[in-house]
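So that you can see what the record holds, here are the features copied from Swiss-Prot:
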type	residues	note
BINDING	TYR32, GLN167, GLN288, ILE296, TYR297, TYR298, HIS387, HIS419, TRP420	D-fructose binding site
CARBOHYD	ASN51	N-linked glycosylation site
MOD_RES	MET1	N-acetylmethionine
TOPO_DOM	1-18	topological domain 'Cytoplasmic'
TOPO_DOM	40-68	topological domain 'Extracellular'
TOPO_DOM	92-98	topological domain 'Cytoplasmic'
TOPO_DOM	120-126	topological domain 'Extracellular'
TOPO_DOM	150-161	topological domain 'Cytoplasmic'
TOPO_DOM	183-192	topological domain 'Extracellular'
TOPO_DOM	214-277	topological domain 'Cytoplasmic'
TOPO_DOM	299-313	topological domain 'Extracellular'
TOPO_DOM	335-342	topological domain 'Cytoplasmic'
TOPO_DOM	395-412	topological domain 'Cytoplasmic'
TOPO_DOM	434-439	topological domain 'Extracellular'
TOPO_DOM	461-501	topological domain 'Cytoplasmic'
TRANSMEM	19-39	transmembrane segment
TRANSMEM	69-91	transmembrane segment
TRANSMEM	99-119	transmembrane segment
TRANSMEM	127-149	transmembrane segment
TRANSMEM	162-182	transmembrane segment
TRANSMEM	193-213	transmembrane segment
TRANSMEM	278-298	transmembrane segment
TRANSMEM	314-334	transmembrane segment
TRANSMEM	343-363	transmembrane segment
TRANSMEM	372-394	transmembrane segment
TRANSMEM	413-433	transmembrane segment
TRANSMEM	440-460	transmembrane segment
Amino acid sequence: MEQQDQSMKEGRLTLVLALATLIAAFGSSFQYGYNVAAVNSPALLMQQFYNETYYGRTGEFMEDFPLTLLWSVTVSMFPFGGFIGSLLVGPLVNKFGRKGALLFNNIFSIVPAILMGCSRVATSFELIIISRLLVGICAGVSSNVVPMYLGELAPKNLRGALGVVPQLFITVGILVAQIFGLRNLLANVDGWPILLGLTGVPAALQLLLLPFFPESPRYLLIQKKDEAAAKKALQTLRGWDSVDREVAEIRQEDEAEKAAGFISVLKLFRMRSLRWQLLSIIVLMGGQQLSGVNAIYYYADQIYLSAGVPEEHVQYVTAGTGAVNVVMTFCAVFVVELLGRRLLLLLGFSICLIACCVLTAALALQDTVSWMPYISIVCVISYVIGHALGPSPIPALLITEIFLQSSRPSAFMVGGSVHWLSNFTVGLIFPFIQEGLGPYSFIVFAVICLLTTIYIFLIVPETKAKTFIEINQIFTKMNKVSEVYPEKEELKELPPVTSEQ
């Protein structure tokens, strides 16, 4: 009875844990979502600014092709920066810690926020392009570090719920940018620099508030070897002094991983004991972006117009779609511990698969069947619901759960790189797919959804309510290795690396 009471106390959501989660997610994940959508509404106004700036310098306006190219570079700088940010994750979290990396990362938000806010006054579109690269780096770091930080703060029974919170704040950021981006608010000639500059507000708040909250106890004990600090952090997070059982669990992981040290990305790819974990995050992160989520949003306005929505009202319908995304991700926070990660992934990708197939038929028939555009709208909303339940929030959560402390930073670097490269690839090639396949474009995404669903069904285990060591034992059997920490033996066979730390 006493042990059960202790488990209940250790597993509760305390005020400190809740506030740490909200500040980390609002200060970092929110910015990611905000910057995804912030340039969509004022796109034409910003291109006009580019052209006027060029005219002021040269006395002539740009041709259509260089203007389109310049805008494409502006948009693509964000995912490119995200890729760079993903590569910085390992070095930052190992040097500064999880909390320290988030605080350092605010540089890549506050500086570009000031630059973008001043770009119109300075008559420099170059400031916007550079700033988009910097906020991309910020998003690349935060999209990996926030799930890692929250996953290491949370007790095992809350790890799923808190692990979905970053994705919830990404969707909230998208919705807020869509609302602020309404033409009668900030998507106008005077307002768009303010719209872009507001991204610095969450960063400034995080910079002020996050230092008062604990660092990851796992980082403190396993990597900094400071058990006293780790115990104090756990006591603050759990709201009571008796945290010996959790400290013992972290110490057990530390003892088992001492021989492993820091596992680099190169070692990660060479280790048989991490084979299925690595392949799983590549498939899930690739499937998340290549399943067509960005293409759906790209196509949504056209679908709404074809259904008879007046052009001046499309912006409100788009914001409504963003609200659906927020609501369904909010639901995922509460059901992830009830239904589990695996079921939400299977359900989410299956809904996306069906939505892509029906949408293909609806787009092909919309000129001959009068009510087909309404089916298209249903498909868009259904896809958004499906993606918000599983494919969007779960993959980053699983990276935290299926890797141990020594390999987790490198795993996030790999997963983040796949995420951003896939994001960039879809943005680059979808217009060509659309031009070549027309209404059948979404068949490509349906196939990816199908393949990802099959992989999840056959390979990905359930991780709900399991400790990191218990999850590692599941993959030990899958990888056909003889012990829970086989990297100790494998690392002996690798050539020595002198500058690995």
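Note: Cβ is positioned from N, Cα and C throughout, glycine not excepted.
Most Cβ pairs within less than 8 Å of the transmembrane segment (99-119), among stretches 19-39, 69-91, 127-149, belong to 127-149.
With DSSP states grouped into helix (H, G, I), strand (E, B) and coil, the topological domain 'Cytoplasmic' (92-98) comes out at 7 helix, 0 strand, 0 coil.
Tertiary neighbourhood of the topological domain 'Cytoplasmic' (335-342): same-chain residues 157-158, 160-161, 163-164, 389, 393-394, 397-398, 401, 456, 460-465, selected by CB-CB distance under 8 Å and a gap of 6+ residues from either end. Its Cβ taken as reference, ASN51 (N-linked glycosylation site) is surrounded by 18 other Cβ atoms within 10 Å in the chains shown. When the topological domain 'Cytoplasmic' (395-412) is classified with DSSP, helix, strand and coil residues number 13 helix, 0 strand, 5 coil. Distant neighbours of the topological domain 'Cytoplasmic' (150-161): 10-13, 17, 20-21, 24-25, 98, 214, 216-219, 237-238, 246, 333-334, 336-337, 340-341, 397, 400-401, 464-467; these residues of the same chain sit at least 6 beyond its ends, with a Cβ under 8 Å from one of its Cβ atoms. Taking Cβ-Cβ distances under 8 Å and a sequence separation of 6 or more, the neighbours of TRP420 (D-fructose binding site) in its chain are PRO79, PHE80, GLY82, PHE83, GLY85, SER86, GLY140.
Mean predicted confidence for the topological domain 'Cytoplasmic' (395-412): the pLDDT average there is 88.
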